[in-house]
Amino acid sequence: MRLHQVLRNVDKFRTVFDFGGRDVAHWFPGHMAKGLRQMRANLKKVDCIIEIHDARIPFSGRNPVFQDTLNVRPHLLILNKMDLTDLSNKQRILKTLEKNGVKNVLFTDCLKQRDDNIKKLVPMVMEIIERQPRYNREENIDYCLMVIGVPNVGKSSLINSLRRTNLKKGRASRVGGEPGITKAVLTRIQVCERPRMYLLDTPGVLPPRIENVETGMKLALCGTILDHLVGEDIIADYLLYSLNRLGKFSYVEKYDLQEPSDDIQHVLKRIAVKLGKTQRVKAITGVGNITITIPNYTAAAYDFIRAFRKGELGQVMLD
């Protein structure tokens, strides 16, 4: 099919996503509530707050519960996973955040072995701290930072990257591809010797309830909410809708489609066939039960979502 015919068909795709009356998962485990209480109780030990968030959703999903915390200490916002987002929007992101009162922003890729932006973090933090009083920590020769954020945005990766860059040491925090890996509250980890600097690691904390369904879907797509709480099928459909809306059609070539599609069942069937993801099920017929092979739509949905999270579908900013 010719390109102009394909693009003409794209014009007929959905412009609004139908959430079908779905509610966002209520996910606030006990370790999250405990973590939030202990964060507040330990603020007097902290010189600066480091909030880390996913650069693909720089505005959506930042926990409003943190605002009480951020308003009483210097604050640096880290937008991690910059390698996965569309950085052509960088200036718009910075201007919008500044309008919302966030002036200190740093983009990082903490999984990268050598990230030059990580080298900027300690000098930025020192400059931020020196602008404001250190309260009861004025005489301390060491500096203490608290790392906060919603789950699975890279807090542990940031800590490990800082240690690798500044101390030439290995990882101190476990890193995982799903939310909820860090459950320990306020573990103190050294990340720099000159100046002597420590980070308090904290578990990811979501708001007790996410009111906006689309915000919740963006968080789920970026792996902040466990997939099964929302449903792989709806996450995959929202991903397809988002890619089409943004004109990101790399999935067509990756999965050998003939053209972009707005039909998630068609796309998942194609993925299942290409990857050999099938399942055998029993079917009841008029002459008895038979076993048939059908596409495994759940496995295909998982592969589609994982490809997005790994950057295999291109650099995408959802906000």
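Note that Cβ sites are derived from N, Cα and C of the backbone, with glycine treated the same way.
Quick look at what TrEMBL lists:
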type: BINDING; residues: ASN80, LYS81, MET82, ASP83, ASN152, VAL153, GLY154, LYS155, SER156, SER157, GLY204; note: GTP binding site
type: DOMAIN; residues: 146-212; note: domain 'G'
Provide the number of Cβ atoms within 10 Å of the Cβ of GLY154 (GTP binding site), excluding the reference atom itself. 25
All-chain count of other Cβ atoms within 10 Å of GLY204 (GTP binding site): 24
Averaged over the domain 'G' (146-212), what pLDDT does the prediction give? 75
Over all shown protein chains, what is the count of other CB atoms within 10 A of the CB belonging to MET82 (GTP binding site)? 21
